[in-house]
Each structure stands twice: as C-alpha cells, then as structure tokens.
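Only one structure is covered here, and it is reproduced in the block below.
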Amino acid sequence: MASSAPPGTSSSSASSHYDLEAGNQQQHAAPPKPASSSQQRLSYPTKPVKTLSLVFDMAGIDDDVLTHPYPGQGTPESPYIIDFLPGFDQRNPLQYEQWRKWTITCLQAMATLAVAFVSTAYSGGIMSVIKSFDVGTTVAICGVSLFVFGFAVGPLLWAPLSEFYGRQIIFFITYMALTVFNAGATGSKNIETLIILRFFAGAFGSSPLTNSGGVIADIFLANERGPAGGIFSIAPFLGPAIGPIAGGFLGESEGWVWIEGLMAIFTGVLWIICSLFVPETYAPVILRRRAAKLSALTGKVYISKMDMNNTSTKWQQIRTALSRPWILLFREPIVFMSSIYIAIVYGTLYLMFAAFPIVFQQGRGWSPGIGGLAFIGVAVGMMVGVAYATIDNKRYVAIAAKSPDGNAPPEARLVPALVGSILLPVGLFWFAWTNGASIHWIVPIIASSFFAAGLVMVFLSLLGYLLDSYTVFAASVLAANAVLRSLFGAAFPLFTMNMYENLGLHWASSVPAFLALACVPFPFLFWKFGARIRMKCKYAAEAALVLERMRREHRVIGPEEAMEEIVRLETIKSQTQGGQQQGHGILDLVKSITHTGGAEKEGQEKKNEEKGQVGSDNDSTMEGSSTGPEGKEKDEKDLH
C-alpha cells in the first residue's frame, strides 16, 4: 500500500517474524563467524539466472553454495547453519534485479485485482440470474455475499500455510482452484450450485489478498517499498469498482454464464503467467529448501538460520494463528475499534453494489450496462484516495527521519484517516439525498467518489496504524481485521433490498451515512490519546517493548517469544494483585485516559528523572530478569 500493506495487505501467520526493516531483512543479520574466516568469500560473481530456474529450482545449489564455509560441524548436535551467501546470492529475493522485482509486483497486483474484480462482476448479471433460476433479488445477491464470506475463511488458512510451504505453492493451488470454481459455475443448473461454487471461489481466491502483500515485503527493503506499495494498493480497490462495469455490459448482452466464463478466463490466464514467472520469495522457505537439499547431497546436517530458535511444531503454530486474532480483536480496544470502523466502511462498499442497481436501474430506468458505469465515480474516488495516501507517506517518512531512532510514532499514520473520516459521511449523506430521479445523475456519482476516497484513506491509514502499533503481532491483527470486514462485506448486501423497500431511497441510503458519522471520533481519539491507549493495551505495550529490545540487541524476535514474555509478565502481575481482574473495558479505558491530568504525567516524569530512569522503562522491562528478588521487583515495577 501507499503507507502500509493493502486490504488487506500481508499478512503472515503466527510463525512470522518481524524485524526493524520488516519483510525478510532478518536474513541480513550477521551470521556466526566461521572457524576459518580467511576462507570466507565476501562476494560471488554475478551470473544471470533465468526466471524458470528461479521458479523450479528454489534451492539454487551451485559450487559457491556447496563449498561455502558455514558455521557448525554438520552433526545433529551442531548442524551447519546456512544463510544467503554474503555479498550476492541469486536466490535472495532482496537482491533480484529491478526489472524482476517490478514484474513480480505488477503480476501480484493483477492477481489481486482479478480476485476483487470477480467478487463484484457477478452483480452485473444479477437480473439474468433472477430470470434464469426464478429467484428473488436477495437470493441472487447471495452470490456476492458468499464470495466475500469466503474472504473471511480463506486467509486464516492461506497465511499460516504460506509460512510453512511458501507463497509460490499456495498461490499455485489456490488460484487454480479459483479458476476451476469459476469455470464450474458456468454450468450451474440451480441457484444453490452457483452460490456454493461462488463461496469456494472466494475462499480459495482470497490467498492473494493476504499473501501478495507479503511478496512485496519479501523483495523490497522498507525504504524502497513506497512506490511498489502505491501501485499494489490500487488493485484491491480498483477491482471491485470495475467489476460491475464489465459485468453489466456482458450480463446485458450474454447473461450471467458468460460473466462467470470471463472470470474463469481472466483468473486462468493470470494463474498460468504467475505460476511461470513468480518464484518463491519467502526467505525462510527458500533457506529451508536449500538446507534440506544440502543435507541430501552431502550427508551432513544443515539447518536454516531462521529455524534455529523455532521450537513449536507446525500444527501448534497453525492453531495459534487461528486463535490469536480473536484474542486481539476482543481484548485490545485499538484493534476492536479500528476493525469495527474498517468493517463498516468495507460493508458499505459492498452495500453499494446492491444499492446502485436500485438507484440507477430501477430509479432512473438505466440498463445493466449503463448502470454499471455509475461505478466510475467510485473508481475515480478510490484512485484519488490512493494518490493522497501515497503523497502523505512523504510526510510520514519526514517525521521518521527527524526522530532520534528513525521511527515515527504510530499516530503519525492517522492523518489520512482524519480526512477520510470526514469525507465518508459527507459523501454518503450527499449521495443519500441527491439520488432521486429528479436530480441530475452526475450529482450522486460525484458524491460516491467522495465516499470512495474517504474509504481508501481510512482503510490504508488505520491498517498502517495497526501495523505500527502491534509490530510482532501484526499478522494476527490483520487476520482479525480481514475476517471482521469480510463478514460485514458479506452481510450488508443481504439486507439492502429490504432496507430500500421499507425505508425508501433517501433514508435507506442514509443508514450507512449515520454509521460512518458515529465512527468519526475513532481516528481523532487515536490521534489524541493513542499513545496512552497503547500503553494500557497489553499486546500493544508488549509489542513496543519487543521492538525496543530488537533495536537494542539487533536481533529478530518472533511472536511466540513475545507471547512468552506477555505470559511471564501477566503471571507476575496476577501474583502481585492476588488474581485481581486484568484489563479495562473500552469505555473504562477511555474514561481513565481522558481523565488523566497533565500534572500527574509531569509528576511521574519528575520522579523518573530523580531516579535517573527517564526513557529507560522499556529497557528495564525487557532486560530485567525474574531470577531473584531484585529482578522480580523490577519486573513488577515496570509492568505497573
């Protein structure tokens, strides 16, 4: 994305690691010094490697890799520890040629756009579905809702599985399934078959929504990711907007069968191209494959550097990946409020796909094809929102550059959300009260562009805020957010028809506007009190401490180790308080923060200065040991 990862955007499982530069830069940590450092080569000759070789020979074993002096003895007790070769390694995704990086970026963006396109192109043939199967509008709309519901189910599986098996194989299997289900839907003999196949298409097709952002992070350094993220972030927003346009004209002339056929052709072509030209980019999987192949070739024991401290089993990590998002969603006020806000605006977007045919086709007598053109306003607004977020990212980078540690506070991400939170209700109320047939059609279309721009600003900004606030737990936070917004996106279109029939054109369109208006305070609350809220949120506070430890120790800490630290501190706190109930409700938390006086804060800072501990609370928490009375007392003080 422009300032963060796309809608949804990147995401990884519980086993993913987070380091200061994000992505897989953890591979650049200095390896243990070999016994014979004089033999170590600082660089290797650059030999062009063919794309098909990257795709089908992930390990890339050559003489340089085979003869490199890896640290270790090659035994089960002291295995050889492998990393990418120093200097240059052709299989290191961060060292791909620029043309290859941009080819991969564009292909991943197209794969994501195609999934978003498929989710809404179906709406252009709803009238054809109603006539073919003799069903009501609400039943026909289930084809959209269940496809989006698949977005809530799929990412919980594809993100963690990509950590173990790689992004390449997961894409190959899931995108092939998406194509097969799209093709199978063309032969549906009843509405039940069509809807079920749409659900499975959404569930399998959701893998690029979570994993493609990870691919971008795999191949670009954090300070290089802005332009690539800007291009990529357009895809998940532009796809839903152009889907009804193409679907409307094709549905009007050929019917819903050819819409499904177009989807199958579109995704099938991309499946073939991406499978042949996008190699595996996830560094731990590449090194794991290289270690296995070296072990098989030499008879010695090799292990990836990134697997050294991984003690949990594959299924334990998958189980954690499925449970932790719900813990964060319902126990962290920042995650809960941000996810609710994003879910409402995301649900409103899909409500529009059911409302526009009512407003423009039934209300104004437009044909399905011409009615689809009404979404041009949404498409333009989304591109404006992405452009604004991209430009605003320069402000964020400038703030980070001025910071002593080179990192801007998470609240610096919120400026687009402040603007977008105002544009959302303005655009929705404007649309609601100008969508009658007596007012020129361009007016509600312009209004929809304001809504779309606000949606993108809020979406990108709040996702970036969550990423910066939860760092090592970001994958679980994004998974929780993706599930909740997909549930809203699936549910909102289902009640659209009844809502418009019962409330009328204007008041029905005003319902999402009032919801957006109710959410306006959220980003302003985070902007003013975010730092204090995060310190009162257990996981956000721990993530900040883990990040500080990573900066200090120059090493990578995974979510499992961070979770162990939380459990340890939680145990100390419960022992100290005698099992007293932990945490705050959202309202109590907000009250406690807003009633905290500045004098109290200044007094605390003065006390800390007297003790010589200003700015060292995080260090003491992470450095303090619970071994002995002094260590335990230190942990208890820092925790409180």
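Glycine residues also receive a Cβ, built from the backbone N, Cα and C atoms like all the rest.
Pulled from TrEMBL, these are the features on record:
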- 1-16: compositional bias 'Low complexity' (COMPBIAS)
- 1-43: region 'Disordered' (REGION)
- 102-123: transmembrane segment (TRANSMEM)
- 104-536: domain 'Major facilitator superfamily (MFS) profile' (DOMAIN)
- 135-157: transmembrane segment (TRANSMEM)
- 169-187: transmembrane segment (TRANSMEM)
- 199-221: transmembrane segment (TRANSMEM)
- 228-250: transmembrane segment (TRANSMEM)
- 256-278: transmembrane segment (TRANSMEM)
- 334-358: transmembrane segment (TRANSMEM)
- 370-391: transmembrane segment (TRANSMEM)
- 412-433: transmembrane segment (TRANSMEM)
- 439-463: transmembrane segment (TRANSMEM)
- 470-495: transmembrane segment (TRANSMEM)
- 507-527: transmembrane segment (TRANSMEM)
- 593-640: region 'Disordered' (REGION)
- 598-612: compositional bias 'Basic and acidic residues' (COMPBIAS)
- 615-628: compositional bias 'Polar residues' (COMPBIAS)
- 630-640: compositional bias 'Basic and acidic residues' (COMPBIAS)
>> Under 8 angstroms for C-beta pairs, at least 3 of them, ignoring pairs fewer than 6 apart in sequence. Is the transmembrane segment (169-187) in contact with the transmembrane segment (412-433) by that rule?
In response: no
>> If you count every Cβ pair below 8 Å, which range out of 102-123, 256-278, 412-433, 507-527 shares the most with the transmembrane segment (334-358)?
In response: 507-527
>> I'm a bit unsure how to read this: which one of 102-123, 256-278, 439-463, 470-495, 507-527 has the highest number of Cβ pairs shorter than 8 Å with the transmembrane segment (228-250)?
In response: 102-123
>> Using a threshold of three or more Cβ pairs below 8 Å, and leaving out pairs closer than 6 in sequence, do the transmembrane segment (412-433) and the transmembrane segment (507-527) count as in contact?
In response: yes
>> Are there residues at least six beyond either end of the transmembrane segment (439-463) with Cβ under 8 Å to its Cβ atoms? List them, or say none.
In response: 1-5, 7-9, 233, 237, 241, 338, 341-342, 345-346, 348-349, 352, 359-360, 364, 374-382, 384-386, 388-389, 413-417, 419-424, 426-428, 430-431, 478, 481, 523
>> Pairs of Cβ atoms less than 8 Å apart decide it: which stretch in 135-157, 199-221, 256-278, 412-433 has the most with the transmembrane segment (102-123)?
In response: 256-278
> When the pLDDT values for the domain 'Major facilitator superfamily (MFS) profile' (104-536) are averaged, what is the result?
Replying inline: 90
> Cβ pairs under 8 Å with the transmembrane segment (199-221): which stretch of 135-157, 256-278, 470-495 has the most?
Replying inline: 135-157
>> Counting only residues 6 or more past its boundaries, what in the same chain has a CB within less than 8 Å of a CB in the transmembrane segment (135-157)?
In response: 8, 11, 118-120, 122-123, 126, 129, 174, 191, 194-196, 198-207, 209-210, 321-322, 325, 350, 353-354, 479, 482-484, 486-487, 489-491, 493-494, 496-498
